Amino acid sequence: MSRGLWSRETVALMLIASCLPMTLSWLWFGGLLELAELSLTLLAVSMWHIVFMLLRAQPPSLSAVTTAIAIAMLAPEELGVFRMVLGISFGVVMGELVFGGWGRNVVNPATVTLSFLGFGFPSFVWPIFDEPVAWAVLPAALIGMATGAMPAAVVLGATIFGAIAFMWGGLSEPVIMVAGIVLVLVVADPVTSAATTLGRWINGGLYAALTTLFAVGWAGAAPVQIAVAAALLSSLAAPLLDETALAIWVGRRRRRHGRS
Amino acid sequence: MPARPDYWRILTQPLIRQNPVTLQILGICSALAVTTTLVTSLTMSVSLTVVLTLSTGIISAIRRHIPDSIRLIVQIVIVASLVIVIDQILQAYFAEISRALSVYVGLITTNCLVLGRTEAYARHHFPIPAMIDGFGNGLGYSLILIVIGGLRELLGKGALFGIQILPLADAGGWFTPLSLMLLAPSAFFLLGLLVWAIRWILPEQAEASEHPEALRPEPAE
């Protein structure tokens, strides 16, 4: 799957580039503590990539950086080194590396890690974000869509449905901010989101719809928790959406051209 | 059939090499449901081993008298009668464990493992080897259940058999229980990891690839 300059690693680099404005502003407001957290997640994720390179000859990927950024930004606060490394080990190994590395996984490793941490240690507080960090979602989405690293249909589908839900009153402002951050970090992932155009639109819409549903009906849940749960469920639904889109396409061709 | 079957081999093959749970992926439902604590896993293992040994013995003894067309019904009737007896014994003497196991003892009747062994082995062999095979398969099942149950109780509560092993953080120790371990998904994860570990050590257990090599190009670097 490489054409000219574009290989798997170019896509990973573009994803890092698009997350960079958001990550830097997050580090700017968070200070040294967040930098330490990011170093820890980077170290843990890269360690597993290297272990799998040595043991199973799987080429390591720069996608480890995006995974580490997503986990560092979204993980519950003050978990401590041991729990963080445990969650990362589970998420990165079971979510990505056992499938053969980045590009073959069905769920985003960061989503798996965050869900594991959320279910496993429910007493820890989910993070909240400063407003400028949430605004940095816009350049992230723009860079991602312009370079083609993020599937535009997913981002747009989520934006349109989110806007409708906001006007209807289902989404409050803090939830929208966090949902945007989660959207660019883990949902609009070229690997684990849907692969057909129609599937991508529905995938984005489904993410926004689930976020709205949880925001309305899940009492006492933190915004990050809501968005991560919606991300996990929508990425699990992505293959089904693709299958549906393909079935529609095949059916249309069959009607148009007779038996194919 | 050889004159003297190798009983030791029949007994030990299902422990790891032909393990019913990790190789044939049979009996998963109960393996996932009852492994929250070591006590329930142990009770379930013993119940299943007893039922499996006795039912393979009985079915093997009457194997020449069972009409082929209704053999499954006959097998299920025999297994179900044994299960009911076990269930009654548990309710009479171990009421609390029986309540914790809820329907899963009754569901031994429909456990694929029991029907699989009676159908595949007991129907074609003498009672003694059939019972040894049933006992070995019961032990293989028990091994997996006890490993998973022990891990889940140790990591989820810091205890084994209800006795606190790891000092809890609430009581001034260092161990924070992983409450995820007490939920059903963790049994899936642990079983998956266990299957992975076993197939890594014994690569001949790995299943053949579903897709031919030519259709799976390596990711370009």
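The backbone N, Cα and C atoms fix where each Cβ goes, glycine too.
The transmembrane segment annotation in TrEMBL covers B:45-62 (among others).
According to TrEMBL, the feature transmembrane segment maps to B:74-94 (among others). Beyond its flanks by at least six residues, the transmembrane segment (B:74-94) meets 43, 47, 50-51, 54-55, 58-59, 66, 101, 105-106, 108-109, 114-115, 118-119 of its own chain at Cβ-Cβ distances under 8 Å.
Outside the transmembrane segment (B:100-118), and at least 6 residues removed from its termini, the chain residues within Cβ reach (under 8 Å) are 20-21, 24, 26-27, 29-30, 33-34, 37, 39-40, 43-44, 47-48, 51-52, 55-56, 59, 72, 75-76, 79-80, 83-84, 86-87, 90, 133-134, 137, 141. Residues or ranges marked as transmembrane segment by TrEMBL: B:100-118 (among others).
The transmembrane segment annotation in TrEMBL covers B:130-151 (among others). If you look at the transmembrane segment (B:130-151), the same-chain residues 6 or more away from its ends with a CB under 8 A from one of its CBs are 7, 10-16, 18-22, 27, 31, 34-38, 40-42, 44-46, 48-50, 52-57, 59-60, 113, 117-118, 121-122, 160, 181, 187, 190-191, 194.
Marked as transmembrane segment by TrEMBL: B:171-198 (among others). Panel annotation: around the transmembrane segment (B:171-198), residues 16, 19, 21-23, 25, 28, 31-33, 35-36, 144, 147-148, 151-152, 155-158, 205 of the same chain, lying at least six beyond its termini, place a Cβ under 8 Å from a Cβ of the stretch.
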